[in-house]
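Chemist: I have a structure I would like to understand better, so I am pasting it below and will then ask my questions one at a time.
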Amino acid sequence: MAKMKVEEQEKAKTKARMSGSLMLIEALKEEKVEVIFGYPGGAVLPLYDELYKAGVFHVLTRHEQGAIHAAEGYARISGKPGVVIATSGPGATNIVTGLTDAMMDSLPLVVFTGQVATSVIGSDAFQEADVVGITMPITKHNYQVRDISELPRIIKEAFHIATTGRPGPVLIDIPKDITTAEGEFDYDQDVHLPGYQPTTQPNHWQIRRLVEAVSQSKRPVILAGAGILHANAADELRQYAEQQSIPVVHTLLGLGGFPADHPLFLGMAGMHGTYTANMALYECDLLINIGARFDDRVTGNLKYFAPKATVAHIDIDPAEIGKNVPTKIPIVSDAKAALQELIAQQGKPADNAAWLAQLDEWKRRFPLHYEPEAGTIKPQKLIEMIYELTNGEAIVTTDVGQHQMWAAQYYKFNRPHRWVTSGGLGTMGFGLPAAIGAQLADRSATVVSIVGDGGFQMTFQELSVIQELRLPIKIVIVNNQALGMVRQWQELFYDKRYSHSLIPNQPDFVKLAEAYGMLGMRAKTEEEAAEVLKQAFAINGPVLLDFHVRADENVYPMVAPGKGLHEMVGVKACEESSR
Amino acid sequence: MRRIITMTVNNRPGVLNRITGLFTKRHYNIESITVGHTEIEGISRMTFVVNVDDERTAEQIIKQLNKQIDVLKVNDITDQAIVARELALIKAAAPPAIRQEIYTLIEPFRASIVDVSKDSLVIQVTGEPEKVEALIELLRPYGIKEVARTGTTAFTRGSQKAAANQKTAFII
């Protein structure tokens with residue numbers, strides 16, 4: 001009885017009457033939110049007033065898109081949900097790109113948008129937009145709060161949904177009058193969502209089938225995606241791969257889930273994957289997909305994807321299994337739980353010595369390759385120099401395009417949560433704001449934001465935030481005076497008709513850096529590049545580096561659209577030149 | 001192939017939008033959707049009919065629907081013993097001279113006249129969509145002014161035991 005009383009008293013303490021705005025602050029404290037990325041406006045003024053009074057750490061980005069990408073970077077590195085506040089109407093529509101990006105790459109976000117007062121919703125009021133309608137297909141779930149009494153429950157559910165199962169963005173639209181209305185704050189309630197019960201533990205029978213399949217296999221391969229990182233299963237992946245001696249290829253987003261310098265690692269697979277990784281996927285007789293969703297950039301033409309293989313797929317999202325590739329052994333589970341079970345079973349390893357020898361031969365004969373050239377900067381060399389200077393320890397963020405592929409190919413990620421890139425949506429302008437969030441998630445890390453000259457100009461206003469917070473981010477512009485990947489495709493598939501992809505008149509990025517009060521440096525040759533990189537990494541503060549790279553360089557190897565992974569072009573054998 | 005999928009959902013604002021939006025986004029073709037309350041307060045039941053080419057698409061639809069937080073349960077009942085019904089109101093041109101003929105025509109369908117005016121009748125019919133279709137075709141030569149159909153709503157039968165063999169018999 002006495003115990004009951006104490007519990008009741010504790011509960012009563014949390015049940016206090018307060019405004020919607022204060023409830024939100026209290027809920028964020030309960031959720032242990034360290035930083036909010038946002039931008040104020042009319043509909044969220046009561047909320048911002050409360051933030052002011054509470055002294056919550058809030059980062060004012062210069063555009064809402066910056067706020068949400070920063071939250072994504074934060075989520076990717078910390079593993080915790082990124083929190084964003086935007087106002088109604090334009091504030092909310094400005095986060096649409098980031099929401100889609102987070103949805104595609106399964107990043108946990110909790111996004112609060114202001115909304116006009118309930119009394120005028122639907123009247124096309126000032127700064128009104130149907131945010132719930134707009135964001136329905138690009139969020140894991142969304143809410144509009146219609147009564148103050150629902151607010152604590154909704155926030156609690158939102159954090160639960162965003163961070164469990166397959167992570168994703170959840171949006172809460174809060175009308176202005178709800179932020180000022182008063183209600184009872186009860187955050188001590190259990191989340192009750194009968195329609196949302198993610199399966200996290202694998203089915204034993206299916207695990208058994210996979211163990212059998214491995215023991216009978218001669219050419220097994222693991223395709224590991226970002227699910228490994230979300231589940232913090234890098235150690236288990238390594239242990240399992242070593243135990244069964246199964247080689248591993250990564251998706252773009254999975255990089256770092258398995259050590260790049262491990263003998264069993266074959267590299268990244270897909271459109272710009274390594275020869276060995278792609279040929280392994282083509283020739284394997286057992287494909288074990290762990291936490292990847294068979295994106296078309298990984299599979300190439302599905303007709304030629306793993307044509308000889310039995311496919312096993314471990315994924316926490318049942319809808320991903322069988323969506324693109326027919327699967328013989330489906331395992332709905334958290335990657336960590338499934339791997340632990342597989343390790344515990346200690347199945348008979350595959351008889352794959354010949355396979356491993358073949359893979360080693362390919363690795364040796366067809367490594368990633370570029371032609372060094374004096375008097376210019378080869379973008380691949382630039383990435384290699386950054387890799388060496390940072391000992392492979394840096395957090396690397398990128399946009400989308402050529403620089404992203406070079407970074408993925410030439411920066412070797414040996415540990416998880418160092419790689420922040422826009423994979424599924426391929427968002428230009430992602431890299432710079434994402435670096436802000438990544439740096440705030442890991443203050444001691446060296447953060448390098450590798451961006452193209454095109455994407456950089458989509459969100460470079462966030463330099464202001466980097467300068468203001470003195471975040472020691474090194475911004476590397478791979479400047480080829482073009483939208484490089486567009487240019488590459490036009491060269492290869494549109495007969496060199498460079499329709500609106502060349503930007504010969506770029507602004508002076510060094511002066512731009514200076515305008516924002518930070519150091520800017522430029523390099524046009526490899527020697528200059530080595531020098532400015534050395535200087536930049538010696539400085540404990542933000543530096544913007546403008547590298548004028550060889551402009552007509554293309555990303556190879558490449559699987560052309562519509563082709564199978566075995567039909568790569570731009571593969572060069574080590575001994576003879578056959579490219 | 002025509003498939004009948006039923007589900008129970010939380011009766012929350014925007015749920016129907018969520019479901020139809022999902023269909024639009026993923027390019028699935030909906031033939032009809034019906035929604036109504038269930039015996040439990042706050043929970044609605046939807047029946048929808050979709051045209052899909054293969055089993056994999058059907059499976060994918062069900063999985064995607066299941067992912068929705070407000071969706072409680074999804075069932076593909078196409079291959080089960082089911083009761084599937086549709087209601088249609090048909091306003092047919094019917095001058096007094098041919099009314100008797102129309103009465104005779106609709107009688108085997110167990111349809112009923114629910115409104116009569118100077119030159120038209122409103123006929124109500126319930127049953128399998130094929131039956132509704134057949135009646136409409138029969139009435140067409142007389143001149144149809146308007147048709148309102150609800151779309152299919154369906155239930156699995158209480159007894160499923162003999163379903164595998166006698167499926168067709170059950171459906172009729």
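Glycine is treated like the rest: Cβ placed from N, Cα and C.
Unlike curated records, TrEMBL annotations are generated automatically.
Source: prediction; values computed, not measured.
Annotation source TrEMBL lists domain 'Thiamine pyrophosphate enzyme N-terminal TPP-binding' at A:18-132. For A:207-342, the entry in TrEMBL reads domain 'Thiamine pyrophosphate enzyme central'. As annotated by TrEMBL, domain 'Thiamine pyrophosphate enzyme TPP-binding' applies to A:399-547.
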Chemist: Per DSSP, how many helix, strand and coil residues does the domain 'Thiamine pyrophosphate enzyme central' (A:207-342) have?
Modeler: 52 helix, 27 strand, 57 coil
Chemist: So what's the mean pLDDT when you look at the domain 'Thiamine pyrophosphate enzyme central' (A:207-342)?
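Modeler: On average, pLDDT over the domain 'Thiamine pyrophosphate enzyme central' (A:207-342) sits at 98.
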Chemist: Work out, from DSSP, the number of helix, strand and coil residues along the domain 'Thiamine pyrophosphate enzyme TPP-binding' (A:399-547).
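Modeler: So the domain 'Thiamine pyrophosphate enzyme TPP-binding' (A:399-547) is made up of 66 helix, 26 strand, 57 coil.
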Chemist: How many of the residues that make up the domain 'Thiamine pyrophosphate enzyme N-terminal TPP-binding' (A:18-132) does DSSP mark as helix, as strand and as coil?
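Modeler: Counting residues by DSSP class gives 57 helix, 20 strand, 38 coil.
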